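Here the structure comes first, spelled out in structure tokens, and everything after it is commentary.
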Amino acid sequence: MTALHFGRVLLGFVLVFVAITQKCLGRKLHIGLFLDEDDLDNQTKSIALQSAMYRIKLVSQYRIEPHYYYLKSTDYFKTEEKACKLLKQGVAAIFGPESPELNDVIQSISTALEIPHFQTLWNPKSGPPTEKFGQIFNMFPSANTLAQAVATLIRESDWKTYTIVYEDETGLIRLQEALTKREPLDPIISYRKLGPGPDHRSILKEIKNSGESQIILDCKIDNIINILKQAKEVNLLEEYHSYILTNLDAHTLNWKEFENIRTNITAIRLIDPNSSGIKDVIRDWHLTEENQQYTKYEIGAESVRVKTALLFDAINLFINSFAAMEEIGEKLPVKQLSCNRYDIASHGNDLSAFIHRECSNNLTENPMLDLKMCRNINVTNNIFAIPSYPRKERLPGPLSGLLQFDEYGQRNYYQLQIIELVNSGFRVTSTWNPDVPDKLYETVTTEEREKEYEKQLTQKNFRVVSRLGAPYLIRVPKPPGKLLRGNDRFEGYAVDLMHKICGYLNCSFTFEVVEDGSYGNYNPEKKEWNGLIRQLLDRKADLAVCDLTITYERRKAVDFTMPFMTLGISILYAKTVKEPQELLSFTNPLSLDVWLYMATAYIVMSMLIFLVARLNPNDWENPHPCDPCPQELENIWDIKNCCWLTLGSIMNQGCDIMPKGISTRMVAGMWWFFSLIMTACYTANLAAFLTMERMGPTIESAEDLAGQTKIKYGCLSGGATYSFFRDSNFSTYHRMFVQMESADPSVFEKDNKDGVKRVLTSNRKYAFLMESSSIEYEMERNCDLIQVGGLLDSKGYGIAMPTNAQYRKQINEAILKMQESGTLTQLKDKWWKEMHGGGQCKEDKHSSEATATELGLDHVGGVFVVLIGGVFVALSIAVCEFLWNVRKIAVDGQMTLKDAFDSELKFAMDIWARKKASKPTSQTVSLEKLSNKIK
Ligand code: GLU
């Protein structure tokens, strides 16, 4: 055997020996681990890594030789230097680093030298980060899909307006999807950048003062608790506040001190600590290589952070694929390289291509289906459950769920859990995955949620704010010697309504009165609300209950329940004044002037007829018609007859004597014409005057009001009615608002009560625009008031509450039930028609109807009075005439006044006597007396 042969045989032995020892000890693979020096989670990370290496050694033919480099994010040169040193060892794969800046250094080296590079950082760089099917695999969910998840969560949470609190500009990239999907007309959202800290109270206070209740917090995991603690201090962590935390590790923090907060805190997580797979893996992390005993350092499943889990998954992915390739006969020699020499790794390309193929979208077509390297751990088949696990079985599947990469090595499939803080732990409410990016899959059903709310409501005491105003909230008069407290101080529709609602929901409430007495008006200059709405925004009350109108502007600031009462704006006005009927109301059809002119005309015309008749020869007549040549002529038209003729004609009665001359007839004719017209006018007017009430200025609609200036009109200042007219585009209402604004003195009132008072006292010179329900209430109590015209609009009163109050649905349901059962109508009847003097004006309605159809004595009484008066005057004249005649007879017949009186009276009383002596004397009187005695 030559030396050459011997040499060859020896070399063969050496190679066989090396091969055998390598096989026994396992093949050594160098990997580089670039970690963040400042990461507080490094201890967990190193346990996870050690455990992974140990397990690899245990179940495979490989021995991992890790090279750890703990670096600061500014250590560029050190990073490059370490990487070059590593290459010389012959590195199989590089993991990390976690800072984006250092990652760029490592990524450029591994890309150039074709070394598989597993990244665990959020990489938002737009555009393809590497060439297609290269060596880069980023285990972290790709930035754009993660942004979609956040956008979907915000949308599904039904957040219209919110404030984004962020630490650096990368936070806005995480939210870019949510921000770009907004419509131009969507409500404004605000941005607040946190300062260097640690004190962020001033910013949080500003948010609190802005009234914002929905906050998206994007910050580093280590700052979350500190920021929320400060938010608690400035009262930004109250019942109605809601937070979305974008950090995927939020659930790993200690939330013990937020156990009792009532704020809604929602977060997102990639790692599900409750999966039994992760629990098993974590149990294994506690076993060390040396003694196979559990370490003292306890790691809970809920404290495993994303980057730790991703690093663990990355190592497993690498070794699984490496082993799988070698098993199918693919040789993967790992070469020693140098930064200065142009040479590339011989295993990189094949290994990367293998991972791309195995962990791509179409997993079902994958030939290596028994590999768990891209899939979730199958619990029943878990290698860590049995320490002497057979070699053939593979290492565990990923902790972060299914691994799937796009052609650029970006992770494009994973599953996120949407979690909610309950006491000091989190519960999963829904899940999300990039396959259906616009949808959240709910895990807590709506029914379950509602049951929870219902349970919470039974422990809730609502702080109800309201304003005094009948019949909604009335202060109960204090009984002597007794102090009223709490809800006993008040009564009214609102109090009863709350009693009924809490009857359904099993809750309790406490009423308080708003200090400024306003409903809720926005001041655009000060950018603040007043009244009830302000109380809700300041979270000083849970509910606002009274005649609070649901308006668009208010709805933007607070939430409303469905309306419990519907109404519209109408006009409150005073009824026509019912003046007591005058005795001489029959004179009303003509004015006093006309009566005086008529009386004058009567006298003048009577005189004129008298004069004209004297002048007219035809009215001088023969007193003895049988005498053809009378000595003298006679004129019948003395003053008495003239007055009789004119009176007879104006009374429509005519006269038995008539003028004969043309001129007298002409004058009489003209008087008759005058009488005809005047009588007709009087008759026509008399009917109207006797049947109708005296009318003042009349209005029948808002148009009538707008088209006149005599009646002033106004409304409550700063309420929904005021806003309706102020903001109306309809020309009539706008004109009305301009008129109201320019009126002096002001036509606006501070309270409906004042408006009603003004209507009643202004003698129909003021109308008040008021909501119909309040008009109804007033009309039930004051019969002098009427509603004029219909409703100008249609709206409702609702119960207001801070936005996103969880109990809105339950209160809505209670209102709906009350509506259907008629409870709301009963309540309204009680407070409108029964309590505090309601139902007073029912009788009046009937009596006013009666007066419209028939005339009472008060209308025509005057006519009777005139008749009686005239009769008395006529009797007086008759008595005078009688006495005058008695005197004349006594003188002419030379007898005593008494005898003359007795004889005349006796004769007058003898109603059967038809004849009378023309001139009675004393003898006839004595004879008469004697005959009476004989009888
Ligand atoms: N209900 C109205 C409001 O909520 C107040 C009354 C009114 O404006 O007529 O503002």
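Including glycine, each Cβ sits where the backbone N, Cα and C put it.
TrEMBL: automatically predicted annotations, no manual curation.
As the structure is a computational prediction, the values presented were derived from the model and not from experiment.
Take the candidates Cys715, Cys783; TrEMBL pairs Cys841 in a disulfide bond with Cys783. Glu771 is the only one of Glu512, Glu771, Glu776, Glu778 that TrEMBL places in the L-glutamate site (with Thr549, Arg554, Thr721).
In the three-state DSSP assignment, the secondary structure recorded for Lys817 (site 'Interaction with the cone snail toxin Con-ikot-ikot') is helix. In this structure the alpha carbons, written CA, of Lys817 (site 'Interaction with the cone snail toxin Con-ikot-ikot') and Arg726 (site 'Interaction with the cone snail toxin Con-ikot-ikot') are 36 Å apart. Its own atom aside, the Cβ of Ile699 (site 'Crucial to convey clamshell closure to channel opening') has 20 Cβ atoms within 10 angstroms in the protein chains shown. Cβ neighbours within 10 Å of Lys817 (site 'Interaction with the cone snail toxin Con-ikot-ikot'), excluding its own Cβ and spanning all shown chains: 14. Under a cutoff of 8 A between CB atoms, and with a sequence separation of 6+ in the same chain, the neighbours of Arg726 (site 'Interaction with the cone snail toxin Con-ikot-ikot') are Phe737. Under DSSP, Arg726 (site 'Interaction with the cone snail toxin Con-ikot-ikot') is assigned to a helix (H, G or I) in the three-state scheme.
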